[in-house]
Amino acid sequence: MAWSMVLIGGICGALVRYKINIYTSNFYLGTFPLATLCVNLVGSFLMGVLFAKVCAGYSYALLGTGFLGGLTTFSTMNFELLDELRSKQYLIFISYFVLTYLGGFTLLLIGYILAK
C-alpha cells in the first residue's frame, strides 16, 4: 500500500515540477537555474511543515517521499551546478549552491517552526 502512495505522490510532484519549468521558461530567459532553485526551496519549506505535522505512515509516503521527492530534484541541481562550472560561470555556481543549501535548510526550519 505504501508503494502506491509513493507512486501517486511522485507522479504528482514530478508533474508540478515539469509545469513550473515550462511556466518559468516562458518569462525568464536568464542562465540561472531559477525553476530548480524554486522547487527545491519550496520543497524544503513544505518538508519542514510535513515533519512538524504528519511525519509517519501513508501520509509521509504520499507527501514526503512521493510528492516532495518528485517535486524537488537533487540530481538536476547537481547537473546544473556542474554545467555552471564547465561554462566558467563561477558567480552563478556559488550563488546557486549557497542559495540552495542555505536557503533550503533555512526554509525547512521555518516550515517546521511555523507548523509546530
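Using N, Cα and C of the backbone, Cβ positions are placed for all residues, glycine too.
Since this is a predicted model, take the numbers as computed values, not measurements.
In TrEMBL this protein carries:
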- Gly69, Thr72: Na(+) binding site (BINDING)
- 27-52: transmembrane segment (TRANSMEM)
- 58-79: transmembrane segment (TRANSMEM)
- 91-115: transmembrane segment (TRANSMEM)
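When Cβ-Cβ distances below 8 Å are used as the criterion, the transmembrane segment (58-79) is approached by residues 1-3, 5-17, 33, 36-37, 39-40, 42-44, 46-47, 50, 96, 100 of the same chain, each at least six residues removed from its ends. Residues 16-17, 20-21, 60, 63-64, 68, 71-74, 76-77, 80, 89, 92, 95-96, 99-100, 103-105, 107-116 of the same chain lie 6 or more positions beyond the ends of the transmembrane segment (27-52) yet place their CB under 8 Å from a CB of it.
Sequence-distant neighbours of the transmembrane segment (91-115) (same chain, 6+ residues past either end, Cβ-Cβ under 8 Å): 31-33, 37, 40-53, 77, 80-81, 84-85. A C-beta separation below 8 Å, combined with a sequence spacing of at least six in one chain, links Gly69 (Na(+) binding site) to Val6, Gly9, Gly10, Gly13. Sequence-distant neighbours of Thr72 (Na(+) binding site) (same chain, 6+ residues apart, CB-CB distance under 8 A): Gly13, Arg17, Val39, Asn40, Gly43, Ser44.
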